[in-house]
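A quick write-up on the structure given underneath.
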Amino acid sequence: MTATEVSPDPRPTRPSPLRRLLPGPPGAAGARGSTLLRHLVLAVLAGTAVVLLTNQLAPYQNLQVARVCAFLCVTAGYTVLVGLNGQLSLGHGALMATGAYTVALMQQGFDERAVQGRWILPLSLLLAVVVTAAAGLVIGLAAARLRGPYLAGVTLAVATLVPAITTIFTDVFNGEQGLRFPMETPPAFLGAYFQPERWLAWVALLAALLTMLLMANLVRSRFGRSLRAVRDDEVAARLAGIHVARNQVLAFVVSAACAGLGGGVYAVLTATVAPGKFSLDLSLFLLMAIVIGGLGSLAGAVWGAILLVALQDLPSLITETFTLPSGLAQRLEGNLALAVFGLILIVVMLAAPGGLHGAARALTARLRARRRAARR
Amino acid sequence: MDRFLFLTFDGLATGAVYAAFALALVLIWRAARLVNFAQGAMAVATAYVGYAVVSVTGSYWLGLGAAVLAGLALGALVERVLMRFVGHANPLNDVIVALGLVLLIQAVLGMVFGNEYRPAAAPFDTDALSVGGVAAMSPYDLWVLGAVLAVVVSLGLLFTRTPIGLRMRASAFAPEVSRLLGVNVGRMLTVGWALAAAVGALAGMLVVPTGLGLHPHAMDLVFVVAFTAAVVGGLDSPAGAVVGGLLVGLILSYVTGYLGPDTTPLAILVLLLAVLLVRPGGLFSSVRARHV
């Protein structure tokens, strides 16, 4: 995922003498079309690799791949908002819930009317994106007027309070129990014995690749540059002709749409939604994921999504490996992951604010410098 | 009318707790220019200490004292060990570290004490006394109001009448000048955190008996309400925090009483957004909080 790196390679490729005469955009490898092409090729390669991988994996592992892909949709948009635009939202768990509930209601509605077809799932997911983007627009309009801790406080309130809506409108959302809808099945042409988990992993992968492709191009675009400009200095950005408020609202809408898609896919994976799945903790997990991955780089979002799933499965792995007294195991269940998340969040913030991706980049840069020094 | 009076008294009593909690937020905001998002989790941790002491000694007052002392210690510890080393280049860093602390504290509490609700006894009767046939406040509500009032008055005296209060105010408003004049600004910051956490601990002890009981997440909602109260009053104003707390308590009490308890979360959200959009500096602030 090197294409998503924000800073260009420190060693510029040597342009041809003729090319040097022409003025080129600084930092860009070429025209914008080639960036898109590069990202497309990378996306296809990554997609092929994962599809081949899913062939080798057991059902549960395929479900893990699918979960990583679902979270990747969310973290990619989230890191654009927090890392690139500098707006800290804690309400992305609630936005995921919006997408998930939209998908659940759609799927349930189609099932009750006995409507069938392969177009139902894409339509539900599309609607999830639209509804969540609308919700993001509402929050974003408020957010664009707020700064730092105020924005964090409002979005924290959203994350804490939105699950309560499901109990207010019990007849629609079925309260604490949540909604169930029929599981997504693989299409018939793949054969009768096609692993359903593998199909789910493909669906999630497609969503994740689409999100990553769009975000990677957005980061490199004019809009991406204005996002960073607003983050770094609002006044300077305004002087440079950027409409700051519009820029911030748009960033919120984009990241909300990603969260809605991720939430929708997440719901499809388990064929259920319940308010308990979208508690405040989820929002904090997402924050942890992008902080650990490295704020502001899409590669960091990939790391974050992988870590999120890996760490969520850590407690059950431990309780399976070691035989613990049942009381202790019950207390460790869930809490251990929380503790590790919290500790990592603090340590990363104090020791390596660039996150995993930043640390890896610093390491490779140092190794490269050493190799170059040795060559001389 | 009786119902209105009852809701008013009830709102004042719960509002007093929000006021104390908001006061703790304002103390740290004034000292360090950051909103302590870990306030709720820290208060829960000290409440667990308090109720552990209560269950060992059987005395509520010893437990309360232990909780407040634990708050002082925890606040100082968090500032000395954690917050001091956070890079302030990006204002989000403080928030992120505080949220990490929330996850850590709640998880450790869950691992040590379990995730179930533990009943917490109140030191006084919680049934409302009736005055002239109208159900008014319970003895416990009176104790809550009295305790919060005592804290507000003593904090006010501390800040205006004592040398250490003067130094704290000086280092909060002009750290560089205070340092030149010989004030140990770092120590004042620690004292500020310790005081705020102690006030938070008291608020936690006061609110736990009125809720479902002690639980690692018992303060999540209280924190959100207290943040709303602090924003209503203006993060810079201690008096605003108290008035904001009482006001939010009243509004929530009326909403709960007339529209049903399910609608309270929405009411909090609407109130918070309305205040921030209309008057982001709070009702008591003359300073503009943002410039775009």
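Along the chain as shown, the residues are counted starting at 1.
Keep in mind that glycine also has a Cβ here, set from the backbone N, Cα and C atoms.
TrEMBL: automatically predicted annotations, no manual curation.
Copied from TrEMBL, the annotated features are:
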type	residues	note
TRANSMEM	B:6-27	transmembrane segment
TRANSMEM	B:34-54	transmembrane segment
TRANSMEM	B:60-83	transmembrane segment
TRANSMEM	B:95-114	transmembrane segment
TRANSMEM	B:142-160	transmembrane segment
TRANSMEM	B:188-208	transmembrane segment
TRANSMEM	B:214-232	transmembrane segment
TRANSMEM	B:239-260	transmembrane segment
TRANSMEM	B:266-287	transmembrane segment
* Would you kindly check B:60-83, B:142-160, B:214-232, B:239-260 and say which stretch has the most C-beta pairs under 8 angstroms to the transmembrane segment (B:6-27)? => B:239-260
* Structure fact -> Contact set of the transmembrane segment (B:34-54) with the rest of its chain, CB cutoff 8 A exclusive, min separation 6+ beyond the ends, reads 21, 24-25, 28, 60, 62-64, 66-68, 70-71, 74-75, 78, 83, 91, 94-95, 98-99, 101-102, 105-106, 109, 113, 118, 120-121, 196-197, 200-201, 203-205, 208, 214-220, 222-223, 226-227, 235
* Sequence-remote contacts (6 or more beyond its ends) of the transmembrane segment (B:142-160), Cβ cut-off under 8 Å? -> 12-13, 16-17, 19-20, 23, 27, 123-124, 166, 168-169, 195, 199, 202-203, 206, 238, 242
* Asked: Counting only residues 6+ away from its ends, which parts of the chain sit with a Cβ under 8 Å from the transmembrane segment (B:60-83)?
  -> 32, 34, 38, 42-43, 45-47, 49-54, 94, 97, 101, 121, 123, 189-202, 204-205
